[in-house]
Amino acid sequence: MSSSSPAGTARTIRKKVYDASLKAMFTLRPERIHGIIADGLGVLQMATPVNRAMGRVIGVNDPVLSQEVFGVTFPRPLGLAAGFDKNATAADTWTALGFGYAELGTVTASPQAGNPTPRLFRLPADRAILNRMGFNNAGAADVADNLRRRKSRDVIGINIGKTKVVPAEQAVDDYRRSASLLGDLADYLVVNVSSPNTPGLRDLQAVESLRPILAAVQESTSVPVLVKIAPDLSDEDVDAVADLAVELGLAGIVATNTTISREGLVTPAHEVAEMGAGGISGPPVAERALEVLRRLHARVGDQLVLIGVGGISTPEQAWERIAAGATLLQGYTGFIYGGPDWIRDIHLGLAEQVKAHGLSNISEAVGSGLPWKDSAV
């Protein structure tokens, strides 16, 4: 896109405005900014004409990007990752910002406040975020009420997790309760057993613990069920979860959540140590998230839908995930640092690659191993 074209000029203006806004926002505590943005998007959700106008300006509506996945039509492959819209207060706004869909939550069966603040930190040198939010949310019943008030039919998934005070031996019933309350209000459900911020949660990724949870969720809803895994799993455990997902007939796997690793960071180690425990999202998780995705695709082929998430910053990286086996993509940290044009740039880049390779739809590129063609941009 030429910077002198009307579209290029508009993009330049949007970028300058967003960069200036980001600089101002970064003077505030991260969770305060999150609250301001979430409240603003909640208000915007009620302004349907504004939403539609935004969607026309920012959204990339190219038919080569539209796919039918587990019986649901996704107009664009990049969606909002779970963690931003925890209570579904802006569910009708995300596609207006350019996303193809949104994964809401994480939602727990009972409301909970999450971990003590501060619990959200920026690592600007890494364009990353560290969080230990702890599934703060209004609870499944309240979120269900919010979803019933939706006006649009934009595609949404709901990410469900374990209530912190519920002991591990009661986790099955806890997940079942959330699935029963929320399943019929979503296009798909994701079972989150991979957040590092709820004590003992990641232990539920072990197959013997995970099997009854997934089976209970499947029994509680008719919508597709996926499981979200951590990048910190061993390769053997990744294989075991993949095999279980195929055995149970799950719709897919979301790969991956945040990492507890602190390796390879640009941010000084003492600064990261002062932030404390938590999972890191953004570029530091990208390499391992891609490794896990490739391993999953090699293991399951097209038996499961794979959703690639973790450190996707550029159109090239997005294409790499598609070529490695991801049917859909998600992002959160890239959106924080890049704004709506990050979403638009990724979708434009993906559409250009589809055409450059002589394909008719992005689904043909999934798992293809096709390289990025520089001549396409």
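Yeah, the Cβs are placed from backbone N, Cα and C, and that goes for glycine too.
Here Swiss-Prot has ALA82, GLY83, PHE84, ASP85, LYS86, THR106, ASN159, ASN192, LYS228, GLY282, GLY311, TYR332, THR333 binding FMN, and the candidate from THR27, THR48, THR256, THR267 in that same listed site is THR256. Using a 10 Å Cα-Cα cut-off around ASN257 (substrate binding site), the recorded positions PHE84, LYS86, SER195, TYR332 reduce to SER195. For TYR332 (FMN binding site) paired with ARG132 (substrate binding site), the C-alpha to C-alpha distance reads 15 Å. Of all the Cβ atoms in the protein chains shown, 20 others lie within 10 Å of the Cβ of PHE84 (FMN binding site). Of the candidate recorded positions, ALA82, SER195, LYS228, GLY282, the one lying closest to GLY134 (substrate binding site) when CA atoms are compared is SER195.
Candidates PHE84, LYS86, ASN159, LYS228, GLY282 (binding-site residues) were compared with ASN192 (substrate binding site); those inside 10 Å Cα-Cα are ASN159, LYS228. Reported as a whole number, the C-alpha separation between LYS228 (FMN binding site) and SER195 (active site, nucleophile) equals 9 Å.
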